[in-house]
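**Q** TrEMBL feature annotations, pasted as is:
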ACT_SITE  89  active site, cysteine sulfenic acid (-SOH) intermediate
DOMAIN    37-201  domain 'Thioredoxin'
């Protein structure tokens, strides 16, 4: 069972299902990040790339957003997922936040953020297809450095996805993690959805 109290643990071989594919994978149900972790300090020199068109990327000189600009002085709900345009991510994970954005705002949340190990252009196209950009801020972690820094990365090569993110969610206040939920396997959608974290704020 996934837990909000996260710690390092050893890898164990197991089977998982991602986007309809059964794959042999190494499972890590826990992460280095934990309640109390300062994300800005835990991922130094890491930036995320806000979802945008290619033309916007060129005009901004491919600028990225430092973590301190995303988290410091703010109340943020952030959720990570294996990838844009994949099954559970599109059908359940993003909608669980999009459809309840007013409830998050009523609890004083400044922003709800979705991050995945994709480039910002794919994230932009996906966000538009889900009609979710008005409610959720989408960011790319194009090289996976954010997730690797927090040990929230996952090798999903068996599903032809390569190195991606685990499925997770967190409530972050002024950069510090107040609640962190990580699914046992990326195909699960038990603890990282909007309903769960709404009850934890």
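For all residues, glycine too, the Cβ spot is worked out from N, Cα and C.
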**Q** Please list, in sequence order, the residues in the chain of residue 89 (active site, cysteine sulfenic acid (-SOH) intermediate) that are at least six apart in sequence and whose C-beta is under 8 Å away from its C-beta.
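**A** Within the chain, residue 89 (active site, cysteine sulfenic acid (-SOH) intermediate) has Cβ neighbours under 8 Å at 81, 82, 83, 116, 167.
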**Q** Mean pLDDT over the domain 'Thioredoxin' (37-201): what is the value?
**A** 89
